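**Q** Straight from Swiss-Prot, here's the annotation block:
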DISULFID  C202-C213  disulfide bond
DISULFID  C207-C222  disulfide bond
DISULFID  C224-C234  disulfide bond
DISULFID  C423-C459  disulfide bond
DISULFID  C629-C658  disulfide bond
DISULFID  C666-C677  disulfide bond
DISULFID  C671-C686  disulfide bond
DISULFID  C688-C698  disulfide bond
DISULFID  C1037-C1065  disulfide bond
DISULFID  C1072-C1083  disulfide bond
DISULFID  C1077-C1092  disulfide bond
DISULFID  C1094-C1104  disulfide bond
DOMAIN    28-207  domain 'Laminin G-like 1'
DOMAIN    198-235  domain 'EGF-like 1'
DOMAIN    260-459  domain 'Laminin G-like 2'
DOMAIN    890-1065  domain 'Laminin G-like 5'
DOMAIN    1068-1105  domain 'EGF-like 3'
CARBOHYD  N58  N-linked glycosylation site
CARBOHYD  N105  N-linked glycosylation site
CARBOHYD  N776  N-linked glycosylation site
CARBOHYD  N1208  N-linked glycosylation site
CARBOHYD  N1306  N-linked glycosylation site
REGION    1535-1554  region 'Disordered'
REGION    1661-1693  region 'Disordered'
TOPO_DOM  1640-1693  topological domain 'Cytoplasmic'
Amino acid sequence: MGFTLHSVYFTLKVSLLLGSLLGLSLGLEFMGIPNQWTRFLRWDASTRSELSFQFKTNVSAGLLLYFDDGGVCDFLCLSLVDGRIQLQFSVDCAETTVITDKQVNDSNWHFLMVSRNHLRTVLVLDGEAKPGEVRPQRQYMNIVSDLFVGGVPSYIRPAALTLDGVLSEPPFQGFILNLKYGNSEPQLLGSQGVRLEMEGLCTENPCENGGTCFLLDGEPRCDCSATGYTGKLCSEDVNHIPGLSHLMMSEQGRSKARDENMATFRGSEYLCYDLSQNPIQSSSDEITLSFKTWQRNGLILHTGKSADYVNLALKDGAVSLVINLGSGAFEAIVEPVNGKFNDNAWHDVKVTRNLRQHSGIGHAMVNKLHCLVTISVDGILTTTGYTQEDYTMLGSDDFFYVGGSPSTADLPGSPVSNNFMGCLKEVVYKNNDIRLELSRLARIGDTKMKIYGEVKFVCENVATLDPISFETPEAYISLPKWNTKRMGSISFDFRTTEPNGLILFTHGKPQERKDARSQKNTKVDFFAVELLDGNLYLLLDMGSGTIKVKATQKKANDGEWYHVDIQRDGRSGTISVNSRRTPFTASGESEILDLEGDMYLGGLPENRAGLILPTELWTAMLNYGYVGCIRDLFIDGRSKNIRQLAEAQNAAGVKSSCSRLSTKQCDSYPCKNNAVCKDGWNRFICDCTGTGYWGRTCEREASILSYDGSMYMKIIMPMVMHTEAEDVSFRFMSQRAYGLLMATTSRDSADTLRLELDGGRVKLMVNLDCIRINCNASKGPETLYAGQKLNDNEWHTVRVVRRGKSLKLMVDDDVAEGTMVGDHTRLEFHNIETGIMTEKRYISVIPSSFIGHLQSLMFNGMLYIDLCKNGDIDYCELKARFGLRNIIADPVTFKTKSSYLSLATLQAYTSMHLFFQFKTTSADGFILFNSGDGNDFIAVELVKGYIHYVFDLGNGPNVIKGNSDRPLNDNQWHNVVITRDNSNTHSLKVDTKMVTQVINGAKNLDLKGDLYIAGLAQGMYSNLPKLVASRDGFQGCLASVDLNGRLPDLINDALHRSGQIERGCEGPSTTCQEDSCANQGICNQQWEGFTCDCSMTSYSGSQCNDPGATYIFGKSGGLILYTWPANDRPSTRTDRLAVGFSTTVKDGILVRIDSAPGLGDFLQLHIEQGKIGVVFNIGTVDISIKEESTPVNDGKYHVVRFTRNGGNATLQVDSWPVNEHYPTGNTDSERFQMVKQKIPFKYNRPVEEWLQEKGRQLTIFNTQAQIAIGGKDRGRLFQGQLSGLYYNGLKVLNMAAENNPNIKINGSVRLVGEVPSILGTTPTTSVPPEMSTTVMETTTTMATTTTRKNRSPPSIQTTDDIVSSAECSSDDEDFIDCEPSTGKSGGELVIPLLVEDPLDIPPIATRAPFITLPPTFRPLLTIIETTKDSLSMTSEAGLPCLSDQGSDGCDDDGLVISGYGSGETFDSNLPPTDDEDFYTTFSLVTDKSLSTSIFEGGYKAHAPKWESKDFRPNKVSETGRTTTTSLSPELIRSTASSSTGMVPKLPAGKMNNRELKPQPDIVLLPLPTAYELDSTKLKSPLITSPMFRNVPTANPTEPGIRRVPGASEVVRESSSTTGMVVGIVAAAALCILILLYAMYKYRNRDEGSYQVDETRNYISNSAQSNGTLMKEKQQSSKSGHKKQKNKDKEYYV
């Protein structure tokens, strides 16, 4: 088609070669067969040249043409790839590729041109240009080979070809016509497999008068440009016009080729012909011309003014015609089918207008005269239309403009604002009267023709206005000052897919103007164009206020080209986008736009010190640079070569081409750290918000600032800022519910944009201070809330987006939106502040300080925290600390438990948010208390190492207990958050564990009086409300105290202070270190220091580095014999034995422990054949464990440690590997098989399940009677040294040295040195001296078992419980029911002393691997003796009560909730009931505590004295134990404790006013309920870990299962008579019958079942509190398919 030819209309020179040479004007057909090719003479494209041809094809792949430098570096290859044209070229080994967007395998003709210009090569397909550029060192291309078209000959060596694989390219299939090197035809050197097409069409030249024949789309055409003739065959004569001599042609000239009348225009040149002397009046006329250009827009020709004109222009690559004869414009657009007319090829344009009679429909239209207008381009494309009928004459007495005008934008009807750039030829206007050859008149210099600019009358290549791409938002270029005053125009094209960007901006000189604030304000004239949210806006201020004009109705960021044309005349003007015009009128009266300085295109410079940015220009405020393409920039009709400007300025991020990548950039997932990827213009955009990272791919970790309530970061802006749009984002983490996050502040106004935590929510407040500037005042600050419970110490992301009056607040996924009231939208600020608001002059209520962490603060594109840290800005005032630090704000130490202070009343009427941090080694203590009106109160206390939150809102007291994994008195900082919202939902969060409870009824907390911190005044403890357990103050550190948004200074704000209170928190003066305790002693941290537990070391002293009591046994043998009193014989399930020794004997007994006569249980430590070993028997067979590896009779000092737990045992010498023993077999199952046939069938299954759940051998070492040391009584004499003997809390050698009456020494035994002093003057007791600070707890358990599947083992003990009595001295403990003794000696209650090992013991696999192993406890057992005298004494004296009720009955006031750390809550208002299920729901414990201490006096173990003051809290357990407790009245009385140092007593309390039912005087084993498994498998308990380093203890017996060792268990018995013992032994023979009787009896007894929570093993009590009796019950799982419940009860009294 004609519009796709290059240089074929006017400058075509055809030379047909005869003989062997054939011009390509005849065309070539390529068949696509292998080894096809055509070869043309070398194309000299080294620097500047053009190559063009036409082609058509229907295949998608093939080689079009190729040449290279002979295999070195340079080449050029044109090929078909996937139906598109691909250009590859290389210069000096710098290679690039260009691919067209358009597919060409459509069997249509296409025009292709390759233009070379040094390092730049442009591929033009049907008018669409695709440039490619390389940047090598060499500036030209080396060319050696000829040009190959359609394929490369196979005989060429591959090494001689530069491009690898070019020989394997598929051959081209299709047609190629008119191959040209510039304007000349190349010489064909040879071909193979190519057919000549259309021969003979131009052989006989059909053109007359010297016209030149050429082929166009396969058909012959004539070029008449050089003949003086016109027409299809150059046969039409040019009209001779008499009277106009300057237009007449002589007859002689008709047959000669006339000189070409052409000229080159470069955008600022134009021709002007004056018509004032010969005005035009015509009804029919014709305009003809030819043009050639790369430019898309430009004025070609114009004549006329106002409403009578003709305008011909190029608009977006199409030919535009506008004619107005006075009654309205006729507009026509001619576009090619493919491509554009700006393809740098010649195109012919012809416009005709003829008067015609037009018959229309209706009488009004009949026989009317109209002007028929026809426009054609290249003789093919034609558009026809009619002008309005009222006027038919064109009258013009103005000028004829060719190629441009002084002000193209101001010409009437002009669709473009810029002049033409390119070549124009033979511009002719003619009508019935005249013929104006305007091009020739200009060339010959006619007087009426004025030439403006340097017009050259030849056709030269006009440099294309190449598009440029802004690849980053920071990229920009500077343009010269825009000299516009009263009028001006700007036009450009843009193309992008990004929604926001500043395209143009320039402003004038600053002018001081006064605004409504009566203060000077700098204002400037400015002009700007911006893209915001996909819409194009024009902003203009000419001194009287800014106008903002939206120029698009739909979003323009769709990746297509948009043409923008802005024309201004005075105050008014238009902006058109793709011909859609929008008028505008500037504010005020001024018609002058006073600009100064550069105009910025694409963005703004980083240094904006000299710029005054208007607040209305949101993209500038938000730092949105433009990313996309710009082309064809014309200012006042003159082009701006922005490519050259970018290269001259070396503009970073600006590329001199525009191509859109076909692939989406986010498909490769470039964004890291879970950032959101968005596709931009040829780039990906990683949104790092909320990730904690920054950078192009969010690869750099953002800096974190830590704030402690006194810290802040303040950004002081270099100048006062005014904005109407803000983007704010950051992350924060805090445990406080209140605190300032970020705020903008002003020194001159109350303007602020403030974000703060308010009640656990983020509050956004925007105040624009309308009052001071006399604007339309709003109703006050705009406020939005988002998020909830954000004080959870987790990262949360906050984003704020404001656009004028529109507000949006986003917190994580919660979104709140609002619209501001009033007309004022400008925010003024001098500072951006975080943490603390320092600018307070205009703030009525100062927000609370922030305690927490802040990260990634971005305000309008500026990442201020990182900019401040890196020193990129120098206006940063920083008081916060970098890094994710542990924040301890304003710590205060309460050095004693009697220290406290009081503050003003806590204001928490409707809601409450409390936060504090604490650190202590004390297990108990008051932290916070405030009483109120009526019964209202709030208390926070530490009970047994767990936080209790107790409160009463008028409905009765309630308690919520923290469910921490471990006690909190571990000398570590812990965080506590307590909240109460408007719905009366209370929550307690300790570190990461939260408990929540909804309270019905009253919702308001009416507090009065002082708020007490860390304790109470003397006398207040006796009047505390229900459920408050503490009776002493808090000893330790408090920090970061937040009282419902108020951060008090605990010392300065205190109304009253008492005791030792100091700032800071140094903690214990000495702390446990690795070497604090020698010889593997265990270090126990205390607040005032630490203590060492040397029990299992054989050493003594404060740091376990002093030798223990040492005896030397001579050659003749000796014996040290310790005998338990008859009423004080313990039975144990676990034992621990340690002793140091040195010897050279090969055989001897070191220590032997025997049970009462007739029982046969024993434990013996001996040396056999020089090796140490232990043998023990606990009722079945002898069990032996030995150190086989190394003899110990080497005369060196060794320490041996032995532990037993049931049948499991460990033995370790020094630090050698541990020897372990795990027995096999199950005696219970064997005995069950013996008696199975005697059990009724229906009971077989329950009994079998019961035995399987028990799953243990005999595990109890019964009725221990004596300890023999030295082996003389057995004839196996020990000779050598024994030191520091320890057995289950007894240090026998120390006792022997102190002449304990229960010890006898015989034979050759000699004490070495003096007995080590224990705690100075305190004599040695059965309580080890290192345990003087241990916490004692009384635990009495009752357990009833319902036989059912999936239940924990009913009879497996894992803790130090009361196990047996002297009345049950049989080995068949599991089958014998024993009655309690009624003898004079009475019963005795055993008190286990628990000390936790601070070391973590590695877990050992069990049958229940998903259970967390409980922590280490070190029980030390003593007794509370009860005799008839003591019972009567307590009966007469009454039971002690510590509540304000005195000693009258110890009613409800003595009740507290148990289950410390369980997270459960209890409502005191539940009605009393006799239903046992009620007590399975709650775990209760009385608040009457047993005071315990070390013994005073000698070793009278059965009559200890107790002093609570001598005990200090130890590091308590990580996991507690919940047991179910029930005591008979007799037992309660027998265990009552008085505070007078007489016989220890246990309290008697009521369970919520429910009286206890009479029970037998018995104590039952607890039921472990820590896990449940299939009942068909043996159940195993959770075993506690040992108290000492590297010394494992043994687990209860279970075949093949190795467990974490357990703590020792000791029980002591009352005395028994010999007859009773004989009777019990005889009763053993009847065990089977008794078992059947017991099973039958208790199976048919309907009793409630109770589960024991094994996760709460013995929570240690405070040293100052009265040892609490635990009576906790938990919900049992009831069998749904059995009506009767099988009970198994073991009585060990």
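Glycine too: its Cβ is placed from the backbone N, Cα and C atoms.
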**Q** Which one is closest to C224 (disulfide bond) in space, judged by CA to CA distance, out of the recorded positions C459, C671, C1083, C1104, N1208?
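**A** Nearest candidate: C459.
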**Q** Do you see any of the disulfide-bonded residues C213, C222, C671, C1037, C1065, C1083 whose C-alpha is within 10 Å of C1094 (disulfide bond), and which ones?
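**A** Of C213, C222, C671, C1037, C1065, C1083, within range: C1083.
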**Q** Express the distance between the Cα positions of C1104 (disulfide bond) and C686 (disulfide bond) as a whole number of Å.
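**A** Just about 62 Å between their Cα atoms.
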**Q** Can you break down the domain 'EGF-like 3' (1068-1105) into helix, strand and coil residue counts using DSSP?
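**A** The composition, in the requested order, is 0 helix, 12 strand, 26 coil.
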**Q** Quick one: pull the CA-CA distance for C459 (disulfide bond) versus C629 (disulfide bond), whole Å only.
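**A** The separation of the Cα atoms works out to 29 Å.
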**Q** What's the CA-CA gap between C658 (disulfide bond) and N58 (N-linked glycosylation site) in angstrom, rounded?
**A** 28
**Q** Give me the CA-CA distance between C1077 (disulfide bond) and C213 (disulfide bond), in Å, as a whole number.
**A** 113
**Q** In whole Å, note down how far the CA of C698 (disulfide bond) lies from the CA of N105 (N-linked glycosylation site).
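**A** With distance taken Cα to Cα, C698 (disulfide bond) is 43 Å from N105 (N-linked glycosylation site).
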**Q** Provide the three-state secondary structure of C207 (disulfide bond) computed with DSSP.
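**A** Going by the DSSP assignment, C207 (disulfide bond) belongs to neither helix nor strand, so it counts as coil.
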**Q** For the disulfide-bonded residues C666, C1072, C1077, C1083, which one has its C-beta crowded by the most other C-beta atoms within 10 angstroms?
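**A** Most Cβ neighbours within 10 Å: C1077.
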**Q** Looking only at C677, C698, C1037, C1104, the disulfide-bonded residues on record, which one has the least crowded Cβ, with the fewest other Cβ atoms within 10 Å?
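**A** Candidates: the disulfide-bonded residues C677, C698, C1037, C1104. Fewest Cβ atoms within 10 Å: C677.
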**Q** Restricting to the recorded positions N58, C213, C666, C1037, C1083, N1208, which ones have a CA within 10 Å of the CA of C1092 (disulfide bond)?
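**A** Among N58, C213, C666, C1037, C1083, N1208, the ones whose Cα sits within 10 Å of that of C1092 (disulfide bond) are C1083.
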**Q** Quiz question: given the disulfide-bonded residues C671, C1065, which has the greatest number of C-beta atoms lying within 10 angstroms of its own C-beta?
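**A** Compared across C671, C1065, the most Cβ atoms within 10 Å surround C671.
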**Q** Have a look around N1208 (N-linked glycosylation site) and count the other CB atoms within 10 A of its CB, chains all included.
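**A** The answer is 29.
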**Q** List the disulfide-bonded residues among C671, C686, C1037, C1065, C1072 whose C-alpha is within 10 Å of the C-alpha of C698 (disulfide bond), in sequence order, or say none.
**A** C671, C686
**Q** Which residues in the same chain, at least 6 apart in sequence, have a Cβ under 8 Å from the Cβ of C686 (disulfide bond)?
**A** P670, C671, K672, A675, V676, C677, K678, G695, R696, T697, C698
**Q** Mean pLDDT for the domain 'EGF-like 3' (1068-1105), rounded to an integer?
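**A** It averages 85.
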**Q** If you measure from the C-alpha of C688 (disulfide bond), which of the recorded positions N58, C213, C234, C666, N1306 fall inside 10 Å?
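**A** If one measures from the Cα of C688 (disulfide bond), no recorded positions come within 10 Å, so the answer is none.
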